[in-house]
Amino acid sequence: MDLVLFFPGEFDQKCKSNLHLSSRGLLGSSVGLNRNFLGYALTRLLLQLALITILTQSLHLLLKRFNVPRITSEILAGILLGKTVLRRIIGETQEKLFPSNDAILDSFAKIGFILFMFLVGVKIDPGLVRNAGRKGWTIGLVSSVVPIMAATYMSNQFDILLPLYRRPTTKTIAGILTSTPFPVIVALLIDLKIMNSELGRLSLASALISDLTSTSYAVISTNLRIGFGVNPMLAVQSTSFDALLLCVIMITRPLFLLIIQSTPEGKPAKRIYISIICAWVLASAIISDNMGLPYQFAPFLIGLTVPDGPPLGATITDRLETFVLGLLAPLMLTYSAIHIDLFIVYDVSYLEFLWVVILILVALKFVVVFSVALVKRVPVKEALTLAFIMGAQGVVQAALYDLNFRNQTIDDVAFSAVILSLFIVATFTHISVQLLNDYTRKYTGYQRRSIIHTGINAELRVVTCIHRQDDALAAIKLLEASNPSRESPLSVYALHLVELVGRATPLFINHSLGQKHQSGAQPLIDLFESFGHQYTGSAVVQVFTAMSLPMFMDQDICSLAFDKLAALIVLPFHRKWNQHGKVVYDSSIVRTMNQKVVEMSPCSVGIYVDRRKIRHKTDNDQEVPINQQYQVAIIYLGGNDDREALAYGKRMMFSIAINLTIIRLVPVDEGSDTQWDKLLDAESLREMKFQSTHRSNVIYQEHKVKDGPETTAIIKNLMDSFDLILVGRRHKEDLQALSGLWEWTDLPELGPIGDYLASADISKPVSVLVIQQQI
């Protein structure tokens, strides 16, 4: 098949004819054998994509251990495959592999950027502007206005210092450097895993305000120049902008609402709708370009009109995100870097001047953001981090540089300089933020937050995490067993965790303040409010919803526990069983989240394995029949976590609906326990032994064990006698009672005993709470 391509940018306006699309294969005809396979468009494109992908992934695999971001690997891959390196190794063959006027790869890169901007528009939450707060508004406005004013002043100086043919290039670069593209900030925060932090939310709000300010300035300045009659074409562009905006608002938005209305509740939007939307997005880019507007403007505008979340926004994101962000969008960076040659410099004096301009504008934005953040009482370390984040550069700047390079506003030398500066700034920003912030230690407190340090008669603050309605029911039953009373009150902070789809900005909703919430959260709110009313005066309940990416949910949990001074976080186990004892739900996402919380929690953590519905209390708490007693066991081997489990059991034993049994497993050889550990264990058990002689619902037992198999045999016999078993997570590895169990542990976040009790093969109706004391 032949493909005819026109390159209107060429001086002779030639028609590139007879460009063969696909080859006849290695065993094809003599024509196919005699022809260089790089002369076939499809074959060359597939080879280009393969080389770019393999080299980018290989470089990222090597560099990520040094905290180097992915964008560095993408630009570096382009430098290695381009004129800077590969051309000097294989000569003209590199030009055949990556031609200077490769319309097909260039189209792929631009399509990727168009869809990227559309997805960013879909994900942006307009409510972020309303909820930015004074701090976000101030930082966003000042970080945009001051660099724009500086660039305007410098542009006037360029008219004096530079020759006429250099002025457009320098002014264009200065204008691009003043921008703070919201998509670049979102990508950086996701890569750094700080989107859900307080600093991440401030960065998002400030970046969006700054981006909107820059866009507004561009529109206003264009209209002012029209008023003064500077350029008649500006009037055409302004009219086109108004017409496009009106079309999107009056036509596109209502069509999206019709699609949502025609989609059954709980179902994704149909594929035909997604295909039509993608076609309209690509067509709008052509329309926008022919109107004299940036080709990415219309797709971004259409993305803003898509209602976020399910069914439409979530479906669009789910169908396009992996392909666009994984393959197409990075092509813009790599493709731009392929066409630079860092060894060709034919105007040293101008290049030095350009680097000074770049350095001044980058440093100015950093200083402005840092200063304003300090004025708004942001701590120094966070202010430094915010300044680096707001000065980040990425794919949006690369696309703007490439656009101006293609229309010859920016020449070869300047293009090489700005791509290299982007490479340096992006790499330095990412590494600096990583060094400034150790997010594994951000929840470290100055006081002990654990059950054992709370005391039996003090208020116990508990954060319960909810993914499904089953988790809410299980959490409430565990809280009821915790003996909420006026003498031993509970403060419960229920956190409903919802996966963020179809939007870029996370949400954290406090339902106690009457904030707007999705309909899916109402049944959970009703359950916990009912629990609060049932224990009025004994329990205080607040319900929250956190909408975020699964990789950041642990930050929401730890932040809430840190802010509320919680002593315990209760996490639902990642497996669920049905009434027949079969595993019906197993989520690797939930397990990963639990592992992260266990590692960085600001307080004690309990992973709750729910296998049976706990019976609610009767109305007459003083006359509970024996067959309605809730049987709880504590398996005690010693150590901090076992003492924490014992402290939780002490709160339970004062409920007349609870029968508590402490089962101490005493190794024949007590191993390497220190005298201090033995003293702490003896002191913790002394009261329980005393209570067992004075309370009919408390039983204390001791069993001698010599190895792991004997321990599991004892535990196996307990499963039919108890409704809930409390166990500590961590124990000494040389403990004789656990010998032989460590090697068979599949779930290290539960410890050896918790792992055995939570095994998928066990179908006994016994629930398990694995507790880890605050690290």
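Cβ from N, Cα, C; glycine included.
Listed in TrEMBL for this protein:
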type: DOMAIN; residues: 56-429; note: domain 'Cation/H+ exchanger transmembrane'
type: DOMAIN; residues: 490-611; note: domain 'Cation/H(+) antiporter central'
type: DOMAIN; residues: 631-773; note: domain 'Cation/H(+) antiporter C-terminal'
type: TRANSMEM; residues: 45-63; note: transmembrane segment
type: TRANSMEM; residues: 136-153; note: transmembrane segment
type: TRANSMEM; residues: 173-190; note: transmembrane segment
type: TRANSMEM; residues: 202-220; note: transmembrane segment
type: TRANSMEM; residues: 240-260; note: transmembrane segment
type: TRANSMEM; residues: 272-291; note: transmembrane segment
type: TRANSMEM; residues: 323-346; note: transmembrane segment
type: TRANSMEM; residues: 352-375; note: transmembrane segment
type: TRANSMEM; residues: 382-401; note: transmembrane segment
type: TRANSMEM; residues: 413-433; note: transmembrane segment
Tertiary contacts of the transmembrane segment (173-190) (same chain, 6+ residues out, Cβ under 8 Å): 69, 116-117, 120, 123-124, 143-144, 147-148, 150-151, 154-155, 158, 200, 203-204, 206-208, 210-211, 214, 354, 357-358, 361-362, 365, 389-397, 400-401, 410, 414, 418, 429-430, 433, 504, 549
Three-state composition of the domain 'Cation/H(+) antiporter C-terminal' (631-773), taking helix and strand from DSSP: 61 helix, 35 strand, 47 coil
Which of 202-220, 272-291, 323-346, 352-375 contacts the transmembrane segment (382-401) most, counting Cβ pairs under 8 Å: 352-375
Model confidence over the domain 'Cation/H(+) antiporter central' (490-611) (mean pLDDT, whole number): 84
Helix, strand and coil counts within the domain 'Cation/H(+) antiporter central' (490-611) (DSSP): 46 helix, 42 strand, 34 coil
